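Quick notes on the structure that follows.
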Amino acid sequence: MPLPAPSASPERVDIQLGERSYPILIGAGLLDDPQSFAAVPAAASALVVSNTTVAPLYAKALRQALAGRFRTVHLLELPDGEVHKNLRTLNLIFDALLGHGSDRKTVLFALGGGVVGDMTGFAAASYMRGVPFVQVPTTLLAQVDSSVGGKTAINHPLGKNMIGAFYQPQLVVCDLDTLQTLPPRELSAGLAEVIKYGPIHDMAFFDWIEANVDALVAREPAALAYAVKRSCEIKALVVGQDERETGLRAILNFGHTFGHAVESGLGYGEWLHGEAVGCGMVMAAHLSQRLGGVDAAFVERLTRLIERAGLPTVGPALGADRYLELMRVDKKSEAGEIRFVVIDKPGSAAVSSAPDALVREVLAQCCRAE
Ligand code: NAD
Ligand code: GLY
């Protein structure tokens, strides 16, 4: 499919959740345009939550864009990194809100990647039992996944994203220009979540990614614009049917059960979330093959694409016992039984348990030897 030229006005994808519905705006130059935020309720104050890497790049422009809607726009710079996605850092947001005398109408703006977005969302969900917030995602991963759908959380030393809430933003503004300053490793991490949408829902999109992965790695604006838009459309469709993950939404966690084990097993931040998910999808594809959903050619095709996106495809040597132990601490687990997202046919996913013996075979095949 030829790529349409990027449009001058933003693309809009709507997430339909009744009174919690909101738009996702996607385009270039959105962050410093006051018009992007026209739908946000005006209030006395706003707090932009960012981190020490992103704030120097984009906070000034965002604060200027918001200046007409708020009397004061404060900025909080959190320490950068997954290792800081915890209770101590979350508390810095509450300190800032209380320190500035923020009220119930104060609007929080999450300016950064998924770490800032997940923590700011959780702070918004709990400050005074809930204040409005807006996602301004600046990583590919956050634009295609974490800023959309209202999952907010912090990590616990015993498990990833274990403390959190479902809490929807009022608006998501994806400024594609911000992706140009992302380190290459972070861009690849975001591609893992883009690739995910193919096997679970849309094999035509998978074909498109295969044909355009080099353009995506080279950050061609038209390719990025389409990847973000199509990913958001699929995510909006799934979340619109199952906001609180009582069923369907779990398919968005393809590769995540293995991936979260890699992240917490190695220590948060050692592998990026997207890297762990990319490699986790390879493992989940092998498991799907053993359960009869896909053939070896499909597993090979997916593995090759993940590799071309610049992601690891071989898991670290944590040992099968440790992997199994870590995977039991997963929100999908029920009564200690691990549940995996598997592909039941290309373009369709389901949640399934699997015998430990089969999972051990997959780990032996897909991970480095101890
Ligand atoms: P991240 O937030 O750590 O950002 C990656 C790095 O890029 C950071 O160092 C950040 O400071 C830097 N950065 C961000 N934007 C930049 C830019 N434009 N230019 C230069 N540097 C920039 O990581 P991430 O991959 O965005 O998000 C991962 C997190 O998202 C994980 O904690 C994961 O659990 C979470 N997540 C949540 C959901 C959800 O539905 N809520 C979904 C997927 C992932
Ligand atoms: N990233 C998985 C979800 O939003 O459900």
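Including glycine, each Cβ sits where the backbone N, Cα and C put it.
From a predicted model like this one, the values you see are computed outputs, not experimental measurements.
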Listed in TrEMBL for the Zn(2+) site shared with His256, His273, one of Glu193, Glu325, Glu334: Glu193
Cβ atoms near Thr181 (NAD(+) binding site) (within 10 Å, other residues, all chains): 12
Expressed to the nearest Å, what is the distance separating Thr178 (NAD(+) binding site) and His256 (Zn(2+) binding site) at their Cα atoms? 26
Spatially, and counting Cα to Cα, which of the binding-site residues is closest to Gly114 (NAD(+) binding site)? Options: Glu193, His256, His273. His273
Suppose we screen the binding-site residues Asp80, Thr139, His256 by Cβ distance to ligand 1 with a cut-off under 6 Å; which survive, in sequence order? Asp80, Thr139
With the Zn(2+) site defined by Glu193, His256, His273, which remaining residues of that chain have Cβ atoms positioned within 8 Å of the Cβ centroid? Leu141, Asp145, Ala192, Lys196, Gly255, Gly259, Gly274, Ala276, Val277, Gly280
By CA-CA distance, flag whichever of Glu193, His256, His273 among the binding-site residues is nearest to Val83 (NAD(+) binding site). His273
